[in-house]
Every structure is written in structure tokens, then in C-alpha cells.
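One structure below.
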Amino acid sequence: MRPFIDDAKRRVDRRLSASRQSISNSRMFASVLPERLRNDNDDDDDSQVDFSAPPGGMGPREGHMQYMHQSIFGMIAAVGSRSGFHARYDESSDSDGEDESRARKDAENLSATAGALPKRSGNESPRLSPKPQSPTPERGRRHRRTISDHKLLRPFKLNSKQNKGQEPAVQSEPQTGDEMSRASTPKRPRSVTPRAAPVLSRMVEARALLDTEDSTKGAPSTTEEIRDEGPTQKSASALSLRLKEMFGFEAPEKVLVEYACSFLQSMLLQGYMYVTEGHVCFYAYLPRKSTVAIKSGYVYKRGRKNPKYNRYWFSLKGDVLSYYADPSKLYFPSGHVDLRYGISASLAEPKDKGREVKDFQVTTDQRTYYFRADSSSSAKEWVKALQKVIFRTHNDKGSVKISFPIENIIDIEESPMVDFAETFKIRVVESEETYAIDEYYFTSFNYGQDAFNFLKGLVADTPMKRSQQTLSPQPEQTSRSRRTRGSQNRWSITSATSQSRGIGKSGNRRRSASTGQFSFGHDALSMSPPMRQQDSSLSFGNSFEQATEASGILQSMTDTTESASQILNRSDVFQSPTIRTMRRGPSGAEKTVRRHSDETARSVHTTRNGPEIQYAVSESDRDTQTPSGLHPSTPALNELVRAGVYPLQRAAGFAEYLKTRSKQMSNLLASESMGYLEKVSGMWAGGGKHYGESENILPDDQAVDPEDLEAGCKDGDRFREHFALPPSEKLQASYFAWLHRMIPLYGKIYISQKKLCFRSLMPGTRTKMILPLKDVENVDKEKGFNFGRHGLVVVIRGHEELFFEFGTADTRDDCAVTLHKGLESTKFLMASGLLAECEEKDESESATAEHRLLQEARLDITGMHSSRSAMAASNELHPIFDDPRASIINFKPTESLRITCLTIGSRGDVQPYIALCKGLLAEGHRPKIATHAEFEPWVRKHGIDFALVDGDPAELMRICVENGMFTYSFFKEATAKFRGWIDDLLSSAWKACQDTDLLIESPSAMAGIHIAEALRIPYFRAFTMPWSRTRAYPHAFAVPEHKMGGAYNYITYVMFDNVFWKSVAGQVNRWRKKELGLKATGLDKMQPNKVPFLYNYSPTVVPPPLDYPDWIRITGYWFLSEGSDWTPPAELVDFIQRARKDEKKVVYIGFGSIVVSDPSALTRTVIESVQKADVRCILSKGWSDRLGDPASAKSEVPLPPEIYQIQSAPHDWLFSHIDAAAHHGGAGTTGASLRAGVPTIVKPFFGDQFFFGTRVEDLGVGICLKKLNVTMFSRALWEATHDERMIVKAHKLGAQIRSEDGVDTAIQAIYRDLEYAKTLAQARSNVSSTPFSPTPSAKTVAEQEADEDVPEEEWTIVEDDTELEMRPTVA
């Protein structure tokens, strides 16, 4: 994968070099263009002339036609850059003071390890661990296990991202097991705040007491003694060897039986149970993380200090629970909860008995978050989903392992829970010295009874074997060591259910019902019980240190053999056993005993990332590594040492508390003020930084301070912490800039491998943005909103544009080039299918290897019936069907429907409906198209019924071309000259739609929604351009010359709806009363935004906006393939073959039936541009001087041999034989050229052509020309036929469009939304007058006004209901 990435980067570097030229205005650099196309003076007469301009006198000014985007919304665009809100925010900010102080503290902690680190060659930054992992000290990850140094997985290591850039010398450097374990527990680079005493602290206290009792009984003091005592099985099977390595047994143990079963806790964990001679083991391979949202919905959240609950949209994706104030703005979270550091998720305690609980809480190592769902069932679903994520994050490497000795099993009994599976419970005692009992529940769908019987018999035979072992002292010693080892570590899942058990003098001991034990590896025995006595007595005071508070998440696996699984240790893995009260009592010292590997080795001041770092910080802790003979061996001496150490450590803990609480005051000291001022001044000075592979600042940046080079890795740590990103997300560059939303926000831009992030640095603001690069379509450079600033526009799929401003042009250009490099690499990985693999490969790679080795070992076993049965069971489907993507409801109606499609306009408006009706015919329905008379033969040719709608489309086209579609001048002329035309249109449409069960209408026809209300039938809308309100795109008839942002985009729809309705409201309401028998209506009563909408363009061309409701669907193009029935002329085929033989590119040029002021000049422009670009052209000349300037009438210009003129040809055949297409940008023509996968040049003239021209350019598959002259057109032709980047993008986009089936998707959408449309029709009819009664009722004016107020009250959308409309559409 790496060579492909390098190639992509080199390819981008060649095109996006340091020339700093405008990416949006100069797509190809001048050095690439041929000499004939270069023009040093672009301000000459030709480059400024537009030969495609409309006839003089038709526009209001300058003799040129003012199109729609210039006539209605000009005033909005004019005032867009007037207001400057930045002046009030010029004051310096200290919002990062806490982060800077924390980073400074981390730097001091890391400085002690510099001498122990191996030196690296070159500019590569030193790494804190020989393992190829990020040098960032991940917070809260000390309980995690590293995998790359495991002796089992080392030969099977795969090429992951973490291995890139690793030097062979470091990889081969030998390490001891102790060093590896210390290197695998990076410290937490975060100030830890004190929190409440843990729920399970009594369990830990009892555990400490147990350790103290164990220390008086003696045991072997070295690992070598224990290893020598256990006999090895030379004839062990492959499965036994794998289990020995995976579970850390002393010697291979014969596998007696295995079963496919599930471990039952708050979740059902499917895996395998292996019963060996000495242990019962369970292994489960966890599935990979999901990159899609696991659960989402509205939940109330309580503030940190404010007890009020606020409603947010929550989304649980990966390891992060994010919440948003607006679900349509998913790139701007209001906050997040990082579940990688989660402890528990549980329902709140009910205040009243019998009352359903809707509150739940999530506890992390930092704080507790309180939530409230809408119902108790929703709360339970959230808790269950959160528990699964927390469980998985604590087993992040992909597998879970449980192991406990058979001799520790007390009993086994059946525990029926479900009817279709056998469930049994195993009760296990922790060790012979304690009464703590763990319970494990296992269930199996096929072999539960067999497993229960076998284990019950095995448990019954265990006392006999144990009594036989006492005859020999050597086996007794081995057995005893196994029991000790088995009880040292235990595994747990967070559970709200716990049970209390009494243990001696330590009081009630609270135990999780799901805790268990597992076995150690060889390195676990390097600490003998005498050693354990010492560290249990001297680790008391460390509970006051900050690292100890967070170390509750840790598990005592520092000394164990590394494995791919993350086995959680006891229930204190979720709670820190920190003692808050400083009371003295008779048993206080006993309650505070800790294990060395759990607490004392994890102090904040202990730097353990290097291979030579010691465990402890005090002399008493260092004594734990001395020979066992130096340790006190009696309880009395132990108590004396403990009593002497207690006051000193209590005082040290209190001093640490004061030091942490006074960190803000320390920032104000004179010794720190200069560094703070330097950082703030640097923040406001702006600029940017680049980071290398190891996140060190690249030395070729301007004004790089040597201290910044050392702090580069900490920038990456803070970046991942700010946005809750995984360690694999490497920081590549950062810039200071302004983000323009409602007001300009000054902050910092972060660019990583797959993310573009922003964080506000303004006081009082908490804006954050997390934008995946795969959702970014393009990056354009534009002028800034304010004088002296330089703008950058980020175009996002299905979202409004983002505007950034930079202080200098160089910084802006550098950010643009860096983003384009990232986009190129991301899109290349997406196209090759490598991006999805990279997102999950690192996390599950080692577990997959371990799982594969275990499966291979299982296959090696022959003659074992249980193994074969387990293999068969693993291939069986789970009996519970739970696939959210599958539909269990058949939405297709049982009877055949009479469907009418109502549309007006040109051929391009009718063609999509023919394709849709052909699909409806195939489904068994009876479709009918109601349109103009001139399209009747074409419609009936395809076997579709036809109904007549009055109106001359040619006349309609004339006023659209001359005035712009639906402009003010359009409505003015239509109102003055076409009142009768609109009346005829409405009346004929009413007649054409009779005998209809379902009506589908283009909203330009204006009559459909009223006809559906009168007929009480479901009503759909369908159109070729955006018509529904959104912030992502402007209205197709109001596209500005420059991107104006989401607020402008949304207001264009509001203004257009009102202008469009006001122009026809009088005639429509008279028609409603006279012919339909309905009362007068308005926009607030019709509620057009509630109508189901079908857009017949591709979601890859116009991605669905995030703020579209569920009933608006982008289905894909409705193509009508007619090319197979068309025979091309022989001259056309010969022309294409000659061009191929001459190795010339072939382009298509056709602008449709447009009206220009000088058609001869436009023809000459086309001819000269084709010759200058050195291409061959197929010309469809439809422009004319109709209604133009009579003085411009000239003889026809002869065409050269490089151009072949045609009258018409099917687009699906023609575009498949050319290299590029240049046209007017109509919806149908644009879809045909994009479907063919050829670069597209768009010269828009009116209507939606400006919108699709902008989309083509934003997608990077073509060029949108604002003016048409020889200079610009010839460059565009040459670039479209020679720019490999554009050609590849167009080819890939064409393949995506061809893979879609827009007609079938539209039909399925109709089926799904049919019931919803029926409810709307019924609701409208209930508040309307009686239909089918053309005679108006004889009511007074006052009565009619009173009636008209009723539907307005019932149908007006209130603000609280908008959240139901703004649900994001799931594609």
C-alpha cells in the first residue's frame, strides 16, 4: 500500500508545486500549456469578450442579458462583504493556557528519559519505545496491551501503519520482558483531577489484605525455579502449544474438549471454550470496529455545573459519543465523550419504586456524564450500546481471553435463561486463602448440555486428584504456585450488578458478578510472594498521587507476556481504588494495601517509556526490586514499617494536591509569563507548521525554534486529545486562521492523514470542527471578506461551503496545496479500496493473526468429535435475525396503480418521465404522462398513455431565454402576456389528471399539489434540479458568481418560493374555487416542504444534503437509453476513425437552442478555438439570431475539415465515442456526459445550467466558463483533453453513475413513502372544502375568512417541529 501512496503524493507534488498559483482560476499551470495557448496578457480584448452574450436590448443594462442569478439576488451578494466583525475580537486570548501548562509539565516529565533513549540517525525524532508506535503518551491507556513484541506474533507481524518508517536497527534491538512491559504502558499526558472514591474499593482493600497474608506463607523466589519445576510435554499438540502461549501456561496442557459457546454478561460474547488438564479457558475474537454510527438519536444531557438538561443529537460512532446542537451540522460537534477512557455505563437508581428510569450515566476516568432519554426503553438501549463500546475499547486489539484453574471451581449448575439455548453457571473461588467467589455464565445453542455434563464430571473428579497430589511435596509446590498465579489477575466486564460478600476483618467485600481469573505468563512470576509483601506494605501512600487516581483503569498485566488480547483485570479496572478520607483506624492500614504492579509502578512522576526507567519514585518503592531476603518477613515488622511511612506519604499526597490545584496561579508567576506571552503573540501572528512522519516539526519551516522541534510530538498528542481521534491519526500540518460562520472565529486548523479539523481559540467559544477529507470535494482560493485577508473555500459533499481567512497569502496557498495533496491521496485510497482497510487494519491486525493461528491449530487436531462439532457450529448462523439494513416489510402495493406524471417544458423535462414510466410499466402499473401536444408521438412510441396539457413550450422557452427563468422580468412578462396561458395550463392539467391514484409532478407545472388535494390522492414531486430548502446548495435559479455560504443558500429558496407563489397566487386561488371547489390557500397551508420529493440526478453529482428530511430522496439519473436503436451516419463514423488514426482528441460542442446577439461571431469563436486547441470537433449548432439584432445577420460561416456538424444524435451513443464534451449544462445533457465518463465543459446561459456548471467544476471533472471567447475556450478544450487528473476523475465518476439504477431506486422510494403521502393527502382534504364540487358555497366573506384560518392554525410549522424535518437522510 505504501508505494501507491508515495506515487499519489509524487503525482500531486508535480501538479501542486510551490508556485502558489490560484487553484480555482488556473487549473493547469501556464508552463504545461502549449505555446499557442499561452497568453501573457489576459486583459486583451478577446479574453474579455463573450461571444455567447444574448442579443442587445434584452437585458436591463449594458446591452447584455442579465440572467436569473443577477436579477433577483444581486443585492444580497453585494452586501456579503460589508460587515467586519473581527475588530471586537482582536484582543489576545489565553484559552490555551491550561493546555500549554499541561504540555510544559509533560515536557518536564519526559526530559528524564532523554538519556536512556537510543539515538536515531537523520532528522527522525527519538522514540520513547522500540515498538513502532506513536511517541505520544496516550492518556488512560496503561491498561492496554501491546502486541507487536509477542513471541507468538513476532514472525507473523503484518505491515501496518505503525511499522512505516521504522528503522531495522530499532526493530532488532533486544528487549527484556520487563522493559517491554514498561514501554507498553505510556503515561497519561493529562492533568488528572481527583474524583470520588471507587465503588469497588472494598474489593481492592480485601485483595490487599489477601496479598499481605500470602506474604507470610512463602513461595519460590525466582521465576527460574518455577519454570524448572514444571515438566514439559514434548509431545504436546499444536493446539496445546497455542493455548500455552496465548494464556501463559507454564507448560503445554492436553486439551480434553472444546465447545463453541458464548460468554454471557451485559452482552453476548461468542467464542470457544477449551478444557485442558488444568484450566478452563475461553477465547473470543472480537469483530472489527464499525466506521458507521452504531446508534444515534436525541438525548438530554446535564451540564458540568448547570443542573439543567439540554437536548442534543447524539451519535455513537467508533469509540466516541458525540453530541450536536443541530443534527444537520455533523461536522461541528458541541462536545464528545471519549469512551476509550470509559469506566461504566449504567441506568440511574430509581427514585420511586415502580417508576421507569429514563436517566443513565457514563463514568470515565475524568468525570461522570448524566443523560436522560425520552423513554426507559431508549435509555436501556443507550446503556447497552455504550456498555458494548466500553467493553470493546478495553479489548481494543481484537480478542478476549479468560482462564481459571479447574481446581478452583466450586460447583457448576444449570441456569436456564432462554428457551433456545442451554446456559450454565460456573462458580470459581479466587484462591484457597479467600472466600471471594466469581460466577461465570456460558451459553451454547447446540452443545450446552454436553459441556455442562463434561464439566460437572470434571469438577467431581478434581478433589480426588488434589488429594493424590499431596502425597508428593514437589507437585504440591507446583499446584500451589498455580493457584497463586491464577488468583493474581482477574478479568472483568463493567456491570451494574454487584454482590457483597464478607471476608474476615476487612468487612463486606463488594464483588462484580462478572469477574473472573486468568493465568499469568512466565514473566508474571518474577515477583515472588516475599516481594509482594514488601510492595504491599510500602505502596500505601501512593494512593494520594494523581497517577494513582487514574490507574484504576490499569490492569496488572505489566509483568505478563504480551498478547494480542486486552484482558481486563478485576473490577478495579473500571474504578481507581483511591482513598479520599485520611482517617486513622485500626484497620485503615490493612484497607490500603495495594499490589506493586497496580499502583506504585504508575506514578505521574515515574517516566517509564524508556528501557532503563525504574518503577518507583521513592526509596521504599525501589526496595521492591532488591533480593527477597532483604524484605521483612513478619507481620509485626510489616506493621512498623507501614506506620512509619504513613505520615510522610500523607503529607506528600496533600502537597501534590495543592500543587495540582495551584497550577493556574503558577502560570501567572514571573518565571512563566514570558513563555505565555510568546505563545499568545505567536498565535495572533498566524502562520503554519508542517510535521513529519513522527510528528516532529520539519526543519525547513520558517523560523523554527529548536524547542519547537522537541515539542512537535506533543502537538500531535494535543491534537488527538482535542478531537478524540485514534493514535493512528497523525498530524501533518497546522495553521492559524479565521473560520466564518455567523461571526468570524479565530482558531487553529489541523490537517492530518484523514481529517481536517478546526478549534476556536477565542475566549468564550468552544467551536470544534471534525471534517473527514473523504467528504471534501474541492478547495478554492478566493478573496477574503475583510481587507488584507486571503480566503479559502472548502467545498463539502452535501454540506454548505466553509470559509477560512488567513493573514497572509503564502499561508493560505500553503494550506490549499497541503489540502489538495491530502485530497489526492484520500481519493486514490478510496478508489483503490485501501482506505476502508486502513481504517480498521491497525486495530485488529494482530488479533486476526492470533485468531488465525488458533484456527490452524484446531484444524491440526484429528479424531476429536467435539472439535469438528465446534467448527461446524462456528459456521452456523446465529438464530437471532438482527440486520438493520434488511427490510422485513414489503412496501409494494398489491394492486396496480394509475399513475399520472405531470410536467411542462422542453424535451429534457419529458425524457426522464418516459424512463420512469417504462419502469412503472414493468412493475405492472398503468402510468400516464400529461404534457404538451408536440411530445405525444414520442411518449406513445414507448407504450405510455398520454394526456394533453395546454401551453406552447417554444414560447415558454423564449421568455426564459430572454428574461432568465423565473426572474422578475419573466414573471412580469408572463403576467402581462400569459395570464390566459396560465389559466389554460391549470384547467387542462385538472382534466388530464382525472382517474388517477397517484400524481407525480414537476413543481414548475404549478397545478399538481392542488389537484392532489382535490382528488384526495397521494402526491409526489420530481425534478431535475434542487428545489427543496437546504444550506448545502443555492437554488438552481440563484447561483452566485462566488460561493456565499449556507445562509445565502437557504434564503434563496425562501425568496424564490415566495416570489414564485405571489406571481400566480391570484390565478391559482380563483381556479381552486371555480373548478376544484377548494378554498383559497397559501404557502403556510400547502406546506410544500412536507411533500415527498424525488430528484432524478445522481447522488455522486449532487450528494444529499445533511439537512434533507427523510422524504426527500436523490435517486439517480432516469436515463432513457435510445442509442441501441440509432444508426450513426457513415460520415460521422469516418470522421471519428480519421481522428483516431491521426491521434487527435475528439470533442463534442453543442449549446442547444439558444439566442445570441451575433451567431456568426460565436461560430467563428468555436472554429478558432478548435483549431487552436488542435482537436477534432463534432458540432451541434443550435444557436441563432432569432429575435436578435437585425444588423448582425450575416452569411453562414463555412466549417473547416476539423469540424463535423450534426443535427441530432443520442447522447448515450455519441458521448461514448468522444474525449470531452462542451455544452450548455442542462440537467439531461450534463448527466449524459458525466455518465460517459468524459471531462465536461459547461457554458451556462440560464436557469439551472449555472448550478450544474458549478457542480462539474467542484467535482473536478470539468470546467465552467463564465465567458466564451477564443482564449478561454481553446484553453478549456486543451485542458479537458490532456489533464490526466481531470480525465481520471471523470472516468471514475462515470463508472459510479453507470452502476446506479435511478429508475428502480425511484420506484422503491415511491413504495416506501406512499403511506406517508396518503396521510398528507388525507390531512389536506380534512381541512379543505368538499372536493368534486365546482360550485362555490354561498358563504359570507367573514365566514370564508374564518374557515381559512383553521387550516393555517393546523398546518403551520412551528419551530419545535423542525427537528423532525432535519433528520439526516440515510443513503
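Backbone N, Cα and C atoms are what each Cβ position is placed from, and that goes for glycine too.
The UDP-alpha-D-glucose binding site annotation in Swiss-Prot covers Ser906, Arg907, Asp909, Ala1209, His1211, His1224, Gly1228, Thr1229, Asp1248, Gln1249, and the record cites similarity to another entry as its basis. Annotation comment: Swiss-Prot describes 1-16, 591-602 as compositional bias 'Basic and acidic residues'. Residues annotated as compositional bias 'Polar residues' in Swiss-Prot: 18-28, 466-477, 486-501, 1325-1338. Look at Swiss-Prot and you will find 241-301 tagged as domain 'GRAM 1'. Annotation source Swiss-Prot lists domain 'PH' at 292-391, citing sequence analysis. Per Swiss-Prot, the feature domain 'GRAM 2' maps to 717-783; the stated evidence is sequence analysis. Residues or ranges marked as region 'Disordered' by Swiss-Prot: 1-64, 87-197, 209-234, 466-538, 580-635, 1325-1352.
Shown on the structure are the features that Swiss-Prot records.
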| residue | record | DSSP class |
| --- | --- | --- |
| Ser906 | UDP-alpha-D-glucose binding site | coil |
| His1211 | UDP-alpha-D-glucose binding site | helix |
| Gly1228 | UDP-alpha-D-glucose binding site | helix |
| Asp1248 | UDP-alpha-D-glucose binding site | coil |
Legend entry - Close in space, distant in sequence - Gly1228 (UDP-alpha-D-glucose binding site), Cβ under 8 Å, 6 or more apart: Gly908, Gln911, Pro912, Thr1024, His1211
Legend entry - Cβ packing number for Ser906 (UDP-alpha-D-glucose binding site), 10 Å threshold: 18
Inset, instruction - Note the mean pLDDT of the domain 'GRAM 2' (717-783), expressed as a whole number. - result: 89
Legend entry - Annotated UDP-alpha-D-glucose contacts Ser906, Arg907, Asp909, Ala1209, His1211, His1224, Gly1228, Thr1229, Asp1248, Gln1249, maximal Cα-Cα distance (Å, integer): 23
Inset, instruction - Give me the non-local Cβ neighbours of Asp909 (UDP-alpha-D-glucose binding site): same chain, 6+ apart in sequence, Cβ-Cβ under 8 Å, ordered along the sequence. - result: Thr903, Thr931, Ser1002, Ser1004, Thr1024
Inset, instruction - For His1211 (UDP-alpha-D-glucose binding site), just count the other CB atoms lying within 10 A of its CB, please. - result: 24
